[in-house]
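Chemist: Got these off Swiss-Prot a minute ago, pasting:
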| type | residues | note |
| --- | --- | --- |
| BINDING | GLY822, ALA823, GLY824, GLY825, SER826, GLY827, LYS828, SER829 | ATP binding site |
| COMPBIAS | 477-495 | compositional bias 'Basic and acidic residues' |
| COMPBIAS | 503-522 | compositional bias 'Basic and acidic residues' |
| DOMAIN | 59-227 | domain 'Alphavirus-like MT' |
| DOMAIN | 599-690 | domain 'Fe2OG dioxygenase' |
| DOMAIN | 793-948 | domain '(+)RNA virus helicase ATP-binding' |
| DOMAIN | 949-1082 | domain '(+)RNA virus helicase C-terminal' |
| DOMAIN | 1324-1431 | domain 'RdRp catalytic' |
| REGION | 477-523 | region 'Disordered' |
Amino acid sequence: MANLRSVFEQLNDVSLRAVIQEEAYRDIKLTIKETKTYNPYAHPVAVADSLEKLGIETNPFAVKAHTHAAAKTIELDMYKIVSFYLPKENPTTFMFMKRSKLQYFRRGPQQKDVFLNAHIEPKDVARYDVDTLFDKNVTPQITTNTAFMGDTLHFLPLTAIERIFKSSPKLQTLYATMVLPPEALHRLHSLHPGIYELEFHQEHFIYKPGGHAGAAYIHKYEQLEWIKVGRFKWADEKGLTHMVTSQILETKGANHLFIFQRGRFLTPELRCFSTETKYVTMPPIFLPKQFNARLPIKKTTAQQLFLYVKSVKNVTERDIWAKMRQLLKTSELQDYNPREVTLLVNYFLLIARLRSETCFDNVLSGGMFKKLFKPFIAWWEIQKHKIFGNEEFEQLMEALEWVDVTLTYPTKTFDNRGWVVKLEARRGYEWFADEMHKPKGPELNLEEKKTDPDAASYEKYLKALSLLQKEPEVMEAKEAEATDEPQRPEVKEEQAEASTSGRAEEIQEDPATKKGKEEPNPNRDLLCPCGLHLKIKNAEFPELPVLDHPDHLTGRKAWFFSKDGKPYSYTGGSHASRGWPNWLEKILAAIEIKEPLPEFNQCLVQQFKLQAAIPFHRDDEPCYPKGHQVLTINHSGECLTQIACQKGKASITMGFGDYYLSPVGFQESHKHAVSNTTGGRVSLTFRCTVQQNKFNDDGSMEALDNLPWKAWIPKLQNLGFQGRQLQYDPNGALISPIEEIRSMPKCKPEGVPEVVYKTLDGLARAPTPYSPNPIRARAYTSDVKNCRIGALLRQQGKEWGCRFDALVEAGKRELAISVIHGAGGSGKSQALQTLIKDNPELDITVVLPTNELRLDWLRKLPKAPQEKFKTFEKALLAPPTPIVIFDDYGKLPAGYVEAFCLYFSTVQLIILTGDCKQSVHHESNENATTSSIEPLVKEASELCRYYINATHRNKKDLANKLGVYSEKTGLTEVTHGTTPIPGLHMLVPSLYKKQAFSEMGHKVSTYAGCQGITAPKIQILLTEETSLCSREVLYTALSRAVHSIHFVNASPNNQAFWKKLECTPYLKAFLSTLREEVAQPIEEKKAEPTPVEPPRTHIAKEDAMVEYENVIEKMPEKHEREIFSEKHGHSNCVQTEDPFIQMFSHQQAKDDTLLWATIEARLVISNPKANWQEYLEKRPVGEVLFESYKRAMHLPKMPIPFEEDLWNSSMHEVQKTYLSKPENMIKNGMARQSPDYDPNVISLFLKSQWVKKMEKLGAIKIKPGQTIASFHQATVMLFGTMARYMRRMREVFQPAHIRINCEMTPEDLSSWAAGEGGHWKFKGPSLANDFTAFDQSQDGAMLQFEILKARHHSIPEDILDAYLTIKTNSKIFLGTLAIMRLTGEGPTFDANTECNIAFTHTKFNIPEGTAQLYAGDDSAIDGLPALRPSFKMIEQKLTLRSKPQVALQQKGDWAEFCGFRITPKGLIKDPKKLHASWMLEKKKGNVKNVLRSYELDLALAYQHKDSLHELLSEEELKYHYETVRSIVKSGGGGVLNTYISKDESLY
């Protein structure tokens, strides 16, 4: 081992070390996996070391606790050991064992084991099932030849073996585990203190596993005899002696596994038990005997004490006591008795005083004569000492004769025979029963099997079990048989009933009764005089489509159809082909569901006139092969069908749905005719110009001797195909299920198991020599090294890439290869999967191009270890097994397989599976070297012995159109549409469309990327890119469907719309191209109220500008007000030299100082884990908020059903709004429209604005601005749709006394508040909330509120998950943001408004019917509601804070809402704020652009004329009048003029 270790240490190559580590890791993983079953517990280090010395592995990462984990582990390990001895097939009897422990014996219900238990102790009542109990006073009979008893036999007397074997003649072998510490024979303390402890009493001793008294065993000392007995003897009534031989199979600590075998066998004469520590006992050197130290002591301790007392001069008793205390650990002191310690000290005190220098002479000194007499002298000295006493040296030697405690005992025989039998045995007459005639176990003879009910039931059980085990395979075989074999005609109900009843008289009917039946037999025979039976059958056929432009013949019209497009000519007519429409396949399918049909590639549809006829003729034109069969269908109407031969004629009337198939040779031996047709009678005649399949009467297919692939039929049958059908592609060419057959040499690589080679050779896929192409391999390694390709490999670092490239460059080798090519669904991987399933121990690595395909393999092989299956990049990071399977290898990068083989020299055999006719890997990076080399499939095709051109996936019609052989019957449904069908797997031509439709919620794959997918139904998106796809790519896409294909061609016709869609490459990814027709709303004309002329008066003219002087005087100098940053300098918010303009802060997006100050003030950086934790912690608060909101908004108690139409309408509204933007704005957002844009990434901008809030005019210090978050456009539109949808739903249930300022004009709000029947009462103070950091404070509680609200609206869960993700994972360039509201999310306004409502109603107890207005973070309530007491309980859990603003609702003090004053006359603008904003625009010279909007705002108050004296204070009137004069002088007044008469002036 030391040499091997030194060799390993000298290995400095990283790849070689990785190989060794990988091999070691596999073993470690298997070991840890096994510990989860037998040793799942956490152990202290010392205990774990003890267990490993006993051969029991311990998982160092285990955390499971147990009161006596070590003892329990040994118990389970004993079960594992005995599991290897128990029979694998036959049942075993388990005694005193719970059923739940059967798993530790690696057994299950398939063995049908028997359990025998008894209630002996009270705890047994809860442990054992009632159906397993036996009478504890009667020894049960064991009916199996093997039994097991767990940890119980040691409590029973030795006679128990006789009773068990005597009562069970079938029993041959009994396995039993016992817990008997052998050291208890010597009253030794536990030899394994970490595993168990011992406590000794006068007649009993106690075994405590793990020192835990709750699981203790109380034993008598005589029970220890079990570990010494090797044979048990007893005599039966006849005097015959029986014997059972016992032997210990394993012993670990106090746990022992015994085997008791009926009969006389050899057993070891000694029983030995191991000890971790050696013990010795001191010889008795004192009298009386009771004063000798007799308990064992550790030999190491004894040696230490002996050396100590002999190394110290004049050692005293106190010295020995001190040394004893030094040597004994504190934890060990409890194991020593003070009396024994005292006796031990006296023993060592005595030997300390004895001389250790020998008293005898040596043999080295003296001359020859002296040496000659020295032995005699020595003898004499010994004899003298015996008489007169020993010298001290001799006394010391005698005192040091320590006795080693070895725990080895001779085996005994327990003889329970009577004294007479024993006496005869001593005289040589000991009789034993003949072992050849002793009772057997379940091995019974034939007669016994017939009479033994247990054996019969057991046989039935095994048979049923085998069927259950094979059920998956049986079901697969049945499905294959159903697809391979033609379906038989259905058995009629009368026949089925007769066959099941078993009474023949029930099917005997009177002819008159048959005639009176309402449902005649649809199968009739046309009997020809020559004896030919032409069976006329009936079926329900689908309606025919309207057929135009017929060919006109005598008495009929005709339409000809053919698959190959060739015309049809015959004597008297010629027809051009009209193709082969799908409805013809449906006509044939109506018959094929009842019986198999041969191939047909032509059909003549004829519509007859009244009494039309076709004379006798044959369909034996030269274009048809000899012996071909013709199918004639009477689709509608009636006719008289006649046949004729040399012996005569026969006729029959055919009606609706009748048809017949002419037998082989009919066209050569018979003629047929049609006459007496009804008007409009339609017939279909199917023929075939190529060789047809032939079927027997029972539906089975006749064997064709001239099949080109006849020799390959056994291989096809192994794949689940019959291989006997003749099938043709659309061009009429015969489809061969086996193609591209090649012959090449075979090789059998070393290290490949025989079962693998035989499997491949049986498939005719024997390995052949292969030398990887180094040029292709270098191309791949170069791309990896230079990070041109790959995802996972790019993260391995430059060093790994260089080493990878160097090893491949230096590699040159030859290995074995087996290439398996076949169509999709041909079963090319099935044999390999079966090989892995049946041989799980094989070292095989499966490399897969995608994770989807890896999951598919795991689904098919759920019991196989997951590490066998790796994606291609991960496979390069760990050494593989000698056999590697590359499934669907065409999707691997070019050069990968070659690089893999050269990189790993341990690979001996590679198996490639794929389809050379399907798409291959495409490298999108044009700079990559691998993008310019050919795919491996071309080279691998030359190493493939044959191609399987057959499929189980596609139905025959679709497969044949693709040129593939299929025996799956039925029709593939093909539909067309302009919109995708939700839920169907969609195939698209490009990657960006895949990303786009994936974002819309579709399950999407590209044409090329769908390889390996099988779906019952698929939909294929057709675009202008479809025509650019190769044949292989289209073949891949079309071959995915099992039952139906839906083609989607969604192309809007509006050119302006197309232009806007095409302005960026990604816009179509998230826009729906459906059209929506919106009805024009019809507004009802309201009756105009009769105006009341107010008294004419004027407002005093005063200059309002002086009111701002106090603010201007207090303003500091510009740079004192600006924000300063050391990196970016001062901000630039105070602009121009005009003091009035300087009152207003101008925030600009380009101001870096202001941007960083805003980010610092408005944003909080967190991480996803903290965000999720906050969300979880505050979910209860969110539930409270939602309940308050639901009650306030009168939402129904139960969730609102989801309305798909309303969702689509909301989506179109959002898209319409987005598309209404100018084209340049859409182009500016190109990056955010890209599917590659990270949906969690947010671009931040500073909002450019003039701060016009009155409280911020002339601020001494400039305040931070407001950020705008730019999200992924698809995210914005998705959640915008969600918000729009919930808004529409909210409007349905929203009470009349609550209004949200959304899509409403000031006039609408005025009418609602103060109009006729207005909701605002003005009967007391009003309340408004002034929030602090409203957006920043919407934390996890508000997020939970939003989730609950959306879930109540039945928003799909995937959208909610996405919303949770974006809220908890949103990140900017500084990191992940905390949960908060961001301007630009999509649902910002609606979410802010609803959070405001929820918070307000949670905080205040607002009476029902109180008028309320909400808009974002603004609100106003017509009243002063009381604070809810419950709000104080959750206030500290909410980040959001609000300061109530109370208005007395009297002159000059009205409720404020969104810059409006809510007055009894309606909503008006705040006069002072309006005046200040207007003067700012005027001084900026921007009057022309804003004049009309300001005049409209002013008109809200101006229209009330002199009534303003009742609403506004004197100061407010001054501002109002000054604004009117300034606007009129600036060229306005057009709107104001509409409120005065002609003879009035504007001011």
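Cβ atoms here come from the backbone N, Cα and C positions, even for glycine.
What's the neighbourhood like for these features in this structure?
Modeler: Residues within less than 8 Å, Cβ to Cβ, of GLY827 (ATP binding site) and separated from it by at least 6 positions along the same chain comprise LEU719, GLY720, ILE948, HIS952.
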Chemist: Between GLY822, GLY824, GLY825, which of the binding-site residues has the fewest other CB atoms within 10 angstroms in the structure shown?
Modeler: GLY825
Chemist: Within 10 Å of the Cβ of SER829 (ATP binding site), how many other Cβ atoms are there?
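Modeler: Taking every protein chain into account, the count is 21.
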Chemist: As a quick check of your reading of DSSP, tell me how many residues in the domain 'Fe2OG dioxygenase' (599-690) are helical, how many are strand and how many are coil.
Modeler: 4 helix, 46 strand, 42 coil
Chemist: Would you list the other residues of this chain near ATP - those whose C-beta lies within 8 angstroms of the C-beta centroid of GLY822, ALA823, GLY824, GLY825, SER826, GLY827, LYS828, SER829 - in sequence order?
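Modeler: Leaving out the recorded residues gives ASP915, ILE948, ALA950, THR951, HIS952.
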Chemist: Can you count the other CB atoms that lie within 10 A of the CB of LYS828 (ATP binding site)?
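Modeler: Result for LYS828 (ATP binding site): 22 neighbouring Cβ atoms inside 10 Å.
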Chemist: Within 10 Å of the Cβ of SER826 (ATP binding site), how many other Cβ atoms are there?
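Modeler: If we count other Cβ atoms within 10 Å of SER826 (ATP binding site), we arrive at 26.
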Chemist: Looking only at the domain 'RdRp catalytic' (1324-1431), report the model's average pLDDT.
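Modeler: Here the predicted model's pLDDT, averaged over the domain 'RdRp catalytic' (1324-1431), is 88.
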Chemist: Which residues does ALA823 (ATP binding site) neighbour through Cβ under 8 Å, counting only same-chain ones at least six apart?
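Modeler: Expected: ASP915, LYS917, ILE948, ASN949, ALA950, THR951, VAL964, SER1039.
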